[in-house]
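Step one of this worksheet: look at the structure below.
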Amino acid sequence: MQHNKIKVAFLDRDGVINKEVNYLHKIEDFEYTSKCIVGLKKIRDLGYEIIIITNQAGIARGYYSEKQYQLLTDWYRNDLKEKGVDILDIFHCPHYPDGIVPELSKDCYCRKPSPGMIEQARKKYSIDIKSSILVGDKNSDIHAGERAGIPRCFLVKTGHPTSEPTENAILSNNLFTISKLIE
């Protein structure tokens with residue numbers, strides 16, 4: 001058990017780490033967002049551990065399998081490591097209320113905007129939530145962070161266009177500009 005609490009940058013995947021591709025599950029379709037790598041390195045240099053939290057409704061909808069999701073996840077995690085960015089952990093929610101895979105077609109507490117994935121991370125790691133940040137490209141990401149008690153939540157413009165960001169979200173161009181805001 002860790003005694004020192006860590007500060008974490010909780011990051012959504014699609015639209016934050018990689019360019020938005022609906023139901024991304026193929027390595028050949030994966031492309032990093034603008035200034036992603038340099039931003040991730042800077043965030044790590046500032047003492048944040050990186051945890052990715054991602055809704056993956058495509059699994060429940062039958063668009064791709066858990067195995068396909070995991071192959072892509074293993075690939076980009078290794079690719080980031082080769083580029084000098086260590087990811088502490090990755091949590092995903094495979095559920096969707098209107099899916100076609102019966103055991104995954106349900107309301108759940110892990111799917112954002114619920115804070116379930118953040119709470120899973122807090123059970124696994126000793127996290128200083130008040131020193132942590134969250135970065136997403138949708139208001140549902142921001143709501144998950146707020147519900148988990150994360151004081152600084154950033155909405156990036158690299159993913160889904162958001163016409164009305166939530167009141168407490170800090171709007172930013174990309175991960176690199178966020179790294180400059182938190183130094």
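Note that Cβ sites are derived from N, Cα and C of the backbone, with glycine treated the same way.
Summarising the annotation, Swiss-Prot assigns Zn(2+) binding site to Cys93, His95, Cys108, Cys110 and lists similarity to another entry as the type of evidence. For Cys93 (Zn(2+) binding site), the same-chain residues 6+ apart in sequence whose C-beta sits under 8 angstroms from its C-beta are Thr54, Asn55, Gln56, Ala57, Cys108, Cys110, Arg111, Lys112, Gly116, Met117.
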Need the DSSP three-state call for Cys93 (Zn(2+) binding site) to compare against my parser.
strand
Give the residue from the binding-site residues Cys108, Cys110 that has the most other Cβ atoms within 10 Å of its Cβ, counting over every protein chain displayed.
Cys110
Residues close to Zn(2+) site centre defined by Cys93, His95, Cys108, Cys110, Cβ within 8 Å:
Asn55, Pro94, Lys106, Tyr109, Arg111, Ser114, Gly116, Met117
List every residue in the same chain as His95 (Zn(2+) binding site), at least 6 positions away in sequence, whose Cβ is under 8 Å from its Cβ.
Ala57, Ala60, Leu104, Ser105, Lys106, Asp107, Cys108, Cys110, Arg111
